[in-house]
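Over in TrEMBL, the protein carries these features:
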type: DOMAIN; residues: B:18-440; note: domain 'DUF112'
type: TRANSMEM; residues: B:20-47; note: transmembrane segment
type: TRANSMEM; residues: B:59-82; note: transmembrane segment
type: TRANSMEM; residues: B:107-133; note: transmembrane segment
type: TRANSMEM; residues: B:145-177; note: transmembrane segment
type: TRANSMEM; residues: B:197-217; note: transmembrane segment
type: TRANSMEM; residues: B:329-350; note: transmembrane segment
type: TRANSMEM; residues: B:356-379; note: transmembrane segment
type: TRANSMEM; residues: B:391-409; note: transmembrane segment
type: TRANSMEM; residues: B:415-444; note: transmembrane segment
type: TRANSMEM; residues: B:465-487; note: transmembrane segment
Amino acid sequence: MLTLTKDRALALALLLIVAVMWRESGSIAPPTSWQPYGSALFPRILLVVIGVFSLLILVRSLLVKVPERAGAKQLIHEWFQSRRTILALFLLFGLYAALLPVVGYIVATIGFLVASLALLMGVNTRRKWMINLTLSCTLAIVIFVVFRYGLNVWLP
Amino acid sequence: MTNFFLQALAEVGTPSVLGLIFIGVLFGIVGGSIPGFTVTMAILVVFPFTFAMDPVSGVSLMVGVFVGGYSGGIVSGVMLGIPGTPSSITTVYDGYPMAQKGEPGRALGIGVASSFLGTLISVAVLVFFGPLIASFSMNFRPWEITALIVFALTLVAGLSSGALLKGLMAAALGLLITTVGYDRNSNLRFDFGLPALGSGFEILPVMIGIFAFSQLLGNIEKIKDEKSEAKKIDTNVTIPYGQILKDMTGQKLNILRSSLIGSLVGALPGTGGTVANFLSYDQAKKFSRHPEEFGTGTPSGIVASEASNSAVAGGAFVPTLALGIPGDLPMAIMMGVLILHGITPGPMMFEQNPVLVGAIYASLLIGAVVMVICNLLLVRWFAKISLIPQQILVPVVLMLCAIGAYALNNNLFDIWVLFIFGIIGYLLWKAKVPLTPLILGVVLGDNLERQLFRALELNESWMTFLTRPLSALFLALAIASILFSLYQDRKIQRLKGL
């Protein structure tokens, strides 16, 4: 069985994207009588270019010998395991984006900063908690004041 | 042009704009001082604050960050032995040993003075060559502009350190991102039934997402991989002005050569400060009477490194302003700032917005003076700031990125765009796909499509691209740059195999 490498995963993902977008490009309006080429031409040229390069990346990755490793499922599991902090940070950012319109800028920002600082710095000492809370509250409020009153930018 | 420059100087000379340049330089130095933060990140963080400003104020602030950022690497390079930005790697070679010998003030002073002179010389290059190239490129028609953009993209992709295929693919992917939403004929493309996609993606959240997430999360991974010890530094630095004056007097040729190398490299697409840095350090060593002293704390090494990386600032503005083609990542973002303020960089800018062009020159000059003052007076503070841990920096910058993306149009969808492209950027970065061609594709995509179709509407035949001499030349150069990169890749592979 073939081992899943970064290049192979990249090429396969891109080929999938190309296939989906090529199909979607079929719904773009055709050119009118006064247009020599339609709106689908430019993205289709790019899709062909990306498709060809993805295929070349795939072929090149198949020509390189890689040591036998665990199956794709196991590798993906290991990849997720070793990047728990990064994934948690992405999750926190997603939550922040979702909560921003619901609870407003100040609460959502303080929540995001406290949670992500706790995740990265740890919360094993009182000092770390103090730094975390002081920084989160001060920064959220200072940024709000600068944008709202200094730059006249409305924040939710 | 002199009239416009004086008019621009008057606009830039107002207390509010001077204050913005000061803030920009200060933030740039701070950004450049913190290892792993980089000039590009500093520019991205400051970018949203320019939304509510008039073009001169916004551009002056950004130019300040640019000038400060390129000089900011000196502090951490000399005091910590860690380059604050990739463009100050060779500063460490001689700056850190000099500091270790008990002369940190001398190393910092030489670095700051060289940065200042490098910036000044690069502004002179910009003032001379910018209008010259712009007036030449006024004759470019859609065929030439299309071919020039293709050439710039292949050049940047080809310089993506041994990843030509991925670089080219990334550039095409960047261009594809710009095709989402309504096009010039009001036809909807790739909206997948989602009304929010109808207006396409804003450049800013896409750029921030792709670049900032990959870099910040990469920094977090590095911390996890290498448990670094907490560095302790002596921030009690005194600058020996007399000694520095003596050092600099003997470096005239080195300053001029390194600044010209920096300006030239800055003007080439896809190169930037890091290449200029190594190239001028290497040349300074070759021309030196005492090459054996390089790497042991010689002033010549610091001068070569800092004069060249600061000279990139002025040089990089040449293709951006004169051709509308940014040479590197910070310039791509700078171009985004100009577009956001309703200004299209390119040859017409010198005719349509001469005051703004003059404001850029003036901001670069004033920024260089402010940079010297800030660096010399606040050096011990910058040294302390450079120790801010990434664990604190990353959440704060991510939050600022989110607010910046939102503030662009007061649209929460832009935060989601930032998030999605953050994930895409991180995954591409993990797959070793160079991100600079991708971002350049995003910045140039609209113009490329517009010019291509204008050319095809004027003449349906694709052969016109080959029959017009300049267009054919740019396309030939594009192919040559790909072939050269292939040759380089093969050479590297052969050397690896030995």
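Cβ atoms here come from the backbone N, Cα and C positions, even for glycine.
By the count of Cβ pairs under 8 Å, the stretch nearest in packing to the transmembrane segment (B:465-487) among B:107-133, B:145-177, B:197-217 is B:145-177. Between the transmembrane segment (B:59-82) and the transmembrane segment (B:356-379), the number of CB pairs under 8 angstroms, six or more residues apart, is three or more, so the stretches are in contact. The largest share of C-beta pairs under 8 angstroms with the transmembrane segment (B:145-177) comes from B:415-444, of the ranges B:20-47, B:107-133, B:356-379, B:391-409, B:415-444.
Across B:107-133, B:197-217, B:356-379, B:415-444, stretch B:356-379 shows the highest tally of CB pairs under 8 A with the transmembrane segment (B:20-47). As a whole-number mean, the pLDDT of the domain 'DUF112' (B:18-440) in this prediction is 85. Long-range contacts of the transmembrane segment (B:391-409) within its own chain (CB-CB distance under 8 A, at least 6 residues past either end) are made by residues 34, 37, 41, 44-45, 47-48, 51, 202, 204-205, 208-209, 212-213, 216-217, 219-220, 223, 340, 415, 417-418. Counting residues 6+ beyond its ends, the transmembrane segment (B:107-133) has Cβ neighbours under 8 Å at 1, 67, 70-71, 74-75, 77-79, 91, 94-96, 98-99, 237, 239-241, 243-244, 247-248, 251, 255-256, 258-260, 262-263, 266-267, 297, 299, 302-303, 305-315, 317-319, 321-323, 350, 357, 361, 364-365, 367-369, 371-372, 375-376, 379 in the same chain. Proximity of distant same-chain residues to the transmembrane segment (B:415-444), defined by a Cβ-Cβ separation under 8 Å and at least 6 residues beyond the stretch ends, is recorded for 149, 152-153, 156-157, 160-161, 163, 166-178, 201-203, 205-214, 217-218, 269-270, 325-326, 328-329, 332, 335-336, 401-402, 405-406.
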